[in-house]
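Colleague: Please find one structure pasted underneath; my questions will follow.
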Amino acid sequence: MQDARVDMGPQASPAQISEDTLAEEAGNATKRTLQLGTVSASLIKFHAFPQQGNDQAVARPALRKKTREGKESLERPCGLGCIVIPSCQRFNNIQCFLVFFCILVASQGIVFGLVDLSIDTFQKENHLGTSENLVLSLTYDISSCLIVLFISYYGGRGNIPRWIAFSSFLVGVGSLFFAFPYISDGRYQLSADPEDTCQEMKIIKTCRKASPSFQAKYIASFILGQIVQGIAGMPLYILGTIFIDNSVATHSAGIYLGLMDASLILGYSLAYVIGAPLMKGTENSTFLISVEDIDDHHKWLRSWWIYFGFVSLTAWITLIPLSCFPHSVRGTAKIKAEKRKQLHPFDNKFKDKELGTSIKDLFANTWVLMKDPVFICLALTKASESLVLIGASEFLPIYIENQFVLTHTTATKIAGFVLLPGGALGQLLGGIIVSKLHMSCKALMRFTIVTSVISLVFFGFVIFVRCDTIPFAGINEDYDGTGQLGNLTAPCNSHCRCSSSLYSAICGRDHIGYFSPCFAGCIQSKIIQNDKTYYNCSCIQEGLTTADDQGDFIDARPGTCDAKCYKLPLFIAFIFSTILFSVFSGIPNTLTILRIVSDNQRSLALGLAFVFLRIFGTIPGPIVFKMTADISCIFRETEYCGKKGNCWIYNKMKMAYLLVGICCICKVVTIFFTAIALCLCKYLPKDNSEILHMPVKNPTVKKKRKN
């Protein structure tokens, strides 16, 4: 008892002690202020130093704020480590974050586009096998699929801006991997006749391929680059989505997420526009690379690294700004508090439950999501939608080139500059519409179904917009009855020793296309005013004759014959509308996934949805569309170094039906699974049938406060 009285004695006059303590601490604070006065406080301050000079009445409310708001207390000033610049705090908001974030996302979109074009060029130049093609194309999807669950589960509880800053570093490094083979070595071993004309005595050497060192460096560098890009992409598209959704109001998230997805598609489209001229080395459908073009071809190969280096620089520019953003930007706490007031729990299973940190907890929570039928249906919808974009990005240039008789460069530019931006516009408009209309989960699903039906109708119109097939000797014409369909050789050119590996299409005066001047029986050529013309073609006997300046009669000119088809603008209008309405459902689908799961499972749900997207969408997608192109091929190069050669001529009708058919099946799958998810939502409680929000987190704390 005496000890107790002794302990209580000093507490008899707390006011006096408090005044003395405050006076002493105020003096210490004044001294510290004078010591730091040599550095202008308006320019910089060190945020890491604790502010112990304030009175106790300030510390207690801060503690209560942390208890009440949890993660919202992680709002911090914008700065790099302990260095905080007060004048930069005006940028500590989600709008400024979105600017740098969209630049980074667009940079990776450019990388994706350039990689696709580069791989396409490399495959045609080197005639890679099926296994090599698949490894180069699918490494990104496989690597991202393997790590996405871990990044989404553990990264969602960390400092997301730091994860995204790390992604910006990886995007730049991965881009340099892609540039490495072009910087280090770009020499080709090329041996080919300067011109494939009809000669009775000649030796054809058509095996053109890259040097073994270049090919090995290319494959190894691109595999490493794809792996790095796969790791970099998951924090961007999973954690970046969660960060944006946390920092904006519920019905504003669609606009911000739409800007993010639009940036990715615009970056990919920009890569098609700037990379199309670099594909001139593969314009086999129009001309042949001759010995005189070897030097230009080398320069063309080395020019790739300029674009990849530019993307690296652009990505690294965002590294420091993104590193400066705190765990939660200014205003996040207020937004989360408003969201919490609107919550109406529909499932008490995860009520008051915090996710564990072990691998066992990761797989346990993944299994819980796998058992949710609504989530599974929405994830499969996301995967089916990705197939449509894959078809538009990878197969569309080939379709335009062959359907409307254009060069590969022109077809690629049309796809990148006119059509693919329709995807960006669709993502943005989809996000704006659902945000402005304040759509609930059921309304979002209905919106997805309606827009998918509209795009399905436009796909039906696309199939009727095509050009007639041009007569082509040996393919659909039989050399005036002297040859056979499917055989380029006929009596008129049997003595010419022609090779089907040298595709250099010409158009005869009889308005029939020929595989090359050799197969037309042409023995002479001239270059008049930069235009090449062919003479004395034994297979061309009909048509109007035109004399040149020297009086010789021209039999054929280089290039394919004019299809006299003017449906390209109509096709562009239909396919633009199709892509526009098709991607309308992207943002609504993502928002629905975010709303049907609990707050602490959102990042994991997005990660698991991306696994479904990879397994059922982006991994089989390129394989399916490549098979479609192979099925549509009616004449393929067969004499190239003992390997399966490139396809030179496609069946236009079959190509149109297969492309539109696959895309229509994908849209039907989207409608089917979205309709199932919508029907399953009817079994939820009536009070929550229109809004499927996440459950209240830690409601027991609120009950204690009320008491």
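Residue numbers in this text run from 1 along the chain shown.
Cβ atoms are placed via backbone N, Cα and C, with glycine included.
For reference, TrEMBL lists these features for the protein:
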type     : residues : note
TRANSMEM : 96-115   : transmembrane segment
TRANSMEM : 135-156  : transmembrane segment
TRANSMEM : 163-183  : transmembrane segment
TRANSMEM : 218-243  : transmembrane segment
TRANSMEM : 255-275  : transmembrane segment
TRANSMEM : 304-325  : transmembrane segment
TRANSMEM : 443-465  : transmembrane segment
DOMAIN   : 486-541  : domain 'Kazal-like'
TRANSMEM : 570-591  : transmembrane segment
TRANSMEM : 603-625  : transmembrane segment
TRANSMEM : 656-681  : transmembrane segment
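What's the neighbourhood like for these features in this structure?
Modeller: Cβ atoms under 8 Å from those of the transmembrane segment (135-156) belong to residues 119, 122-123, 128, 163, 219, 222-223, 226-227, 229-231, 233-235, 238-239, 242, 355, 357, 362, 365-366, 602-604, 606-608, 610-611, 614-615, 618-619, 622 of the same chain, restricted to positions at least 6 beyond its ends.
Residues 78-80, 88, 92, 97, 100-101, 103-104, 107-108, 110-111, 114, 118, 161-162, 164-165, 168-169, 171-173, 175-176, 178-180, 182-183, 271, 274-275, 278 of the same chain sit 6 or more residues outside the transmembrane segment (304-325) yet have a Cβ under 8 Å from a Cβ within it.
For the transmembrane segment (443-465), the residues of the chain that approach it from at least six positions outside its boundaries are 381, 430, 433-434, 437, 567, 570-571, 574-575, 577-582, 584-585, 588-589, 591-592, 656-657, 660, 663-664, 667-668, 670-671, 674-675, 677-678, 681, 690, judged by C-beta separation under 8 angstroms.
For the transmembrane segment (656-681), same-chain residues at least 6 beyond its ends with a Cβ under 8 Å from one of its own Cβ atoms are 373-374, 377-378, 380-381, 384-385, 387-388, 391, 395, 399, 403, 441-442, 445-446, 448-449, 452-453, 455-456, 459-460, 462-463, 466, 578, 582, 585, 592, 624-625, 628, 631-632, 689, 692.
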Colleague: Between the transmembrane segment (570-591) and the stretches 96-115, 163-183, 218-243, 255-275, 603-625, work out which stretch tops the count of Cβ pairs under 8 Å.
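Modeller: Looking only at 96-115, 163-183, 218-243, 255-275, 603-625, the most contacts with the transmembrane segment (570-591) come from 255-275.
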Colleague: With DSSP, how much of the domain 'Kazal-like' (486-541) is helix, how much strand and how much coil, in residues?
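Modeller: DSSP classes over the domain 'Kazal-like' (486-541) add up to 0 helix, 19 strand, 37 coil.
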Colleague: Using a Cβ cut-off of under 8 Å, list the residues of the same chain at least 6 residues beyond the transmembrane segment (218-243) that approach it.
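Modeller: Residues packing against the transmembrane segment (218-243) from afar: 97, 101, 104-105, 108, 111-112, 115, 118-119, 122, 132, 135-136, 139-144, 147-148, 151-152, 155-156, 160-161, 163-164, 166-168, 170-171, 173-175, 177-178, 180-181, 210, 257, 260, 590, 594, 602-603, 606-607, 610.
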Colleague: Which value does the mean pLDDT take for the domain 'Kazal-like' (486-541) in this predicted structure?
Modeller: 84
